[in-house]
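One structure is given here, and the rest of the page talks about it.
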């Protein structure tokens with residue numbers, strides 16, 4: 001039977017519960033255990049799909065088409081286990097399911113209440129589908145004391161009593177701030193956070209304390225005494241130079257040993273951390289640097305591009321170089337020459353996005369890369385802008401545009417109205433809902449034999465990648481674009497939807513309709529990112 005580890009947070013938000021959960025999952029996995037990670041999000045949205053990137057950050061898409069929290073990206077990258085829609089749930093989804101059952105009459109006239117109906121739904125979600133796993137790590141979003149989180153805390157409180165003895169523990173991630181004027185770490189915020197947790201019936205078994213320095217023995221003793229945990233269970237979560245150093249740092253601090261001890265488990269074997277050590281050696285001791293410009297719309301909120309940042313880092317690890325990112329708001333050069341902003345970089349990446357704001361700047365970035373032979377990687381919206389640039393400046397279709405921006409005589413990019421998902425036809429309309437109505441999840445693509453992208457994928461002629469988009473390049477313009485050098489080297493199996501474009505006579509210019517960053521791992525960098533950074537390395541030696 002699976003054992004459960006519930007991870008909560010206190011004092012402040014954004015302490016890194018998702019990263020801590022992923023790192024602990026990786027440590028348990030490195031000891032030979034089968035691990036599953038799940039996220040409970042207390043907000044009322046059904047999913048983050050329609051939330052602003054400035055508020056929520058990236059929307060991470062799973063193979064089965066779920067739009068989920070970015071923490072699931074950490075889970076995948078650290079454990080290699082693909083997440084599914086069954087690994088993330090929100091208050092909104094729970095309420096929707098309960099109200100649907102109530103309308104059907106499933107509750108036989110009962111009064112629907114937070115306890116027991118909402119808490120039971122949360123417990124059912126947490127316990128479902130875990131038979132094949134040794135450990136299930138469950139992260140509760142938000143911080144202790146948030147009103148919207150109370151049903152989730154109540155549910156995990158009940159679960160510990162309902163599960164067999166020694167089958168559930170609580171880890172509380174907290175902050176130990178250093179006050180320079182006092183010259184010491186302060187434990188009071190953590191004490192009050194644990195007091196709040198205990199007031200709702202949850203006694204943490206382990207304290208994971210975020211800090212920028214070593215925790216003195218006296219402070220450990222104080223935390224153990226006032227928070228009612230063993231001194232050995234006060235774990236130091238020291239700041240590290242890169243996120244892939246976290247598993248080794250947490251192991252050195254004794255987190256995985258303390259977790260096993262809390263369950264009464266004798267460690268099988270020491271964790272196999274050699275691969276993590278290799279990654280960190282490459283990150284800390286690169287053989288060179290490359291600079292990549294990210295020309296985007298949400299550059300003020302780096303979390304909006306979380307998987308992208310990590311995938312570029314993985315490309316650097318594969319090539320033993322440090323990837324420096326130059327964030328450029330695409331509006332900056334909508335009406336001026338992009339050269340002063342881009343002539344120093346070794347590669348240009350235009351990521352996914354929505355809406356007209358900044359689009360012309362992205363088109364100019366694609367033109368600069370094409371004309372100057374700078375490696376260009378266009379992802380989703382970035383591919384569409386590269387196609388519009390080619391249509392305008394190579395084919396001569398000066399009014400080429402996307403219907404996403406309004407009516408146009410030359411719709412190079414248009415709304416997808418139907419596509420196949422397996423054997424089922426899915427349809428969308430301009431007037432439909434925004435939430436959950438995109439082409440979402442993993443779809444196959446057929447690669448042109450002998451194309452550069454086929455070579456990047458090791459000679460493959462069929463791939464599967466994750467999508468999140470409503471608009472698609474119009475194949476009616478395919479022949480004219482190919483006559484001017486822009487090759488459609490990847491199509492959907494039915495040949496209707498363009499998936500990949502490239503210039504054969506360019507050092508490296510590839511646009512993809514999907515999001516390859518979602519499948520990149522530190523141990524297994526996505527081939528497109530590894531190849532893109534390799535091209536940037538070559539470019540850096542030419543400058």
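The backbone N, Cα and C atoms fix where each Cβ goes, glycine too.
Sequence annotations record features per position, and here Swiss-Prot assigns region 'Amidoligase domain' to 1-265.
Under DSSP, residue 190 (UTP binding site) is assigned to a helix (H, G or I) in the three-state scheme. Cβ neighbour count for residue 190 (UTP binding site) (all protein chains, 10 Å cutoff from its Cβ): 26. Annotated UTP binding site per Swiss-Prot: 13, 186, 187, 188, 189, 190, 191, 222, in sequence order.
The CTP binding site annotation in Swiss-Prot covers 13, 146, 147, 148, 186, 187, 188, 189, 190, 191, 222, and the record cites sequence analysis as its basis. Sequence-distant contacts of residue 189 (UTP binding site), defined by Cβ-Cβ distance under 8 angstroms and a gap of at least six in the same chain, are 10, 11, 174, 175, 176, 177.
What Swiss-Prot lists as Mg(2+) binding site is 71, 139. Listed in sequence order, 17, 18, 19, 21, 22, 39, 60, 139 are the same-chain residues at least 6 apart in sequence whose CB falls under 8 Å from the CB of residue 71 (Mg(2+) binding site).
The domain 'Glutamine amidotransferase type-1' annotation in Swiss-Prot covers 291-542 and rests on sequence analysis.
The secondary structure of residue 380 (active site, nucleophile), as reduced to three states from DSSP, is coil rather than helix or strand. Residue environment of residue 380 (active site, nucleophile) contains 22 other Cβ atoms, counted within 10 Å of its Cβ in all protein chains. What Swiss-Prot lists as active site, nucleophile is 380.
The binding-site residues recorded for this entry are 186, 188, 190, 191, and the Cα of 190 lies nearest to that of residue 380 (active site, nucleophile). When the binding-site residues 13, 187, 191 are compared by the number of other CB atoms within 10 angstroms of each CB, 13 has the fewest.
If you count neighbouring Cβ atoms within 10 Å for each of the binding-site residues 186, 222, the highest count belongs to 222.
In this structure, the C-alpha atom of residue 13 (UTP binding site) lies 14 angstrom from that of residue 147 (CTP binding site). Across the region 'Amidoligase domain' (1-265), the model assigns an average pLDDT of 95.
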